[in-house]
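What Swiss-Prot records for Gly12, Thr13, Ser14, Met15, Asp16, Gly17, Val18, Asp19 is ATP binding site.
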Amino acid sequence: MNNNYYVGLMSGTSMDGVDAVLVSFDGDQPSLIASHTEELPKALLSSLQKLCLPGNDEINRLGHLDRSMGKLFAKAVNALLETANIDKSQVIAIGSHGQTVRHMPNLEMGFTLQIGDPNTIAVETGIDVIADFRRKDIALGGQGAPLVPAFHQHVFGSPNHKRIILNIGGIANVTYLPGNNEDVTGFDTGPGNGLSDAWIQHQLSQPYDKDGAWAKSGTTDQKMLQHLLSHPYFALAAPKSTGRELFNQAWAEQQLSEFGHLSEADIQSTLLDLTCYSIANDALKLSENGELYVCGGGAYNSELMHRLHKLLPNYKVVTTSELGMDPQWVEGIAFAWLAMRYHQGLPGNLPAVTGASREAILGSFYPAD
């Protein structure tokens, strides 16, 4: 009987569900044993979206949602273990990212806040939980994000190839693996699926633009695209990170105010190109050529992938499936890996990526007993 499993839990800025993965780290590379996605109930999703923006009665709403998300995370874990026919005693720990509701690392007293009470997860599953991975890095002067580059370096690094690992969730982030372990870097490029998801939800009441079909039916407005790309964030040097606090529906609608003559489909196409151009511009700053491996929800958007191909002709643009890892589960596996690093007393951040003053063991421990 294998008693060396970890569970990874991820709910990203796109809020499209809770991903739960069961992972073994017995070999050189992590092995995905089972996976499960728990859908966010509509009422819970709506409450989360409201909490991500400034509003009234925030503390009461946060306290309630913290418990509610903890219960949903636990439900995802229990369903995962039932699917895999694995007993909780075989799992060393759960690595829970939580649901980000604020990420503001650049204030004088920078902070990040993820909810999904780890105590509730531990009690409801009977498994020890490691959570709160980002705040140690911020305490050390870092951005607290992105955290996945250390994992990307471990599993995707190659001494013979220049690789960029691109994760496209609500926000997009890149990890540059230049072929040596000294110069790894990573940062958030800007919007991922978040703006285009919000636009189609608002206009067509669809959760996302499947295969980018609606964007494909429109025509990008170059004036609007250049206006969006003029945002100061895109000119910032790394380390940098961003979130829904900056690139959200309210920001998009503010930018759209002078482009009311455009069709809804043209706006969708332009928002998709904002994602693609901001990614491509940063990729070309890192290297003129190489291999780009895409993971996250954006990997399944065929129009997005097509546009990246066109913008990066000297890159091999494929998904992480070519490296043996399903794009949907990469982030979940990364947080199982971070839990394993905590359990073994090993650092989980890359100071060159986040700007932290040193490496550190990330996370806090929440026992089931």
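One is the number of the first residue shown, and numbering goes on along the chain from there.
Glycine residues also receive a Cβ, built from the backbone N, Cα and C atoms like all the rest.
Taking the features listed in Swiss-Prot, we show where each one sits on the structure.
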residue : record           : contacts (Cβ under 8 Å, 6+ apart)
Gly12   : ATP binding site : Thr100, Gly169, Gly170, Gly296, Glu331
Thr13   : ATP binding site : Thr100, Gly169, Gly170, Ile171, Gly192, Gly194, Gly243, Arg244
Ser14   : ATP binding site : Gly169, Gly170, Gly192, Asn193, Gly194, Asp197, Gly297
Met15   : ATP binding site : Leu40, Leu45, Leu48, Gln49, Gln99, Gly170
Asp16   : ATP binding site : Leu40, Asp197, Pro207, Tyr208, Gly297
Gly17   : ATP binding site : Ser11, Thr37, Glu38, Glu39, Leu40
Val18   : ATP binding site : Leu9, Met10, Ser11, Thr37, Glu38, Leu40, Leu72, Phe73, Ala76
Asp19   : ATP binding site : Gly8, Leu9, Met10, Ser11, Ser35, His36, Thr37, Ala76, Gln328, Trp329, Glu331, Gly332
Where Val18 (ATP binding site) sits in the secondary structure, as DSSP reduces it to three classes:
strand
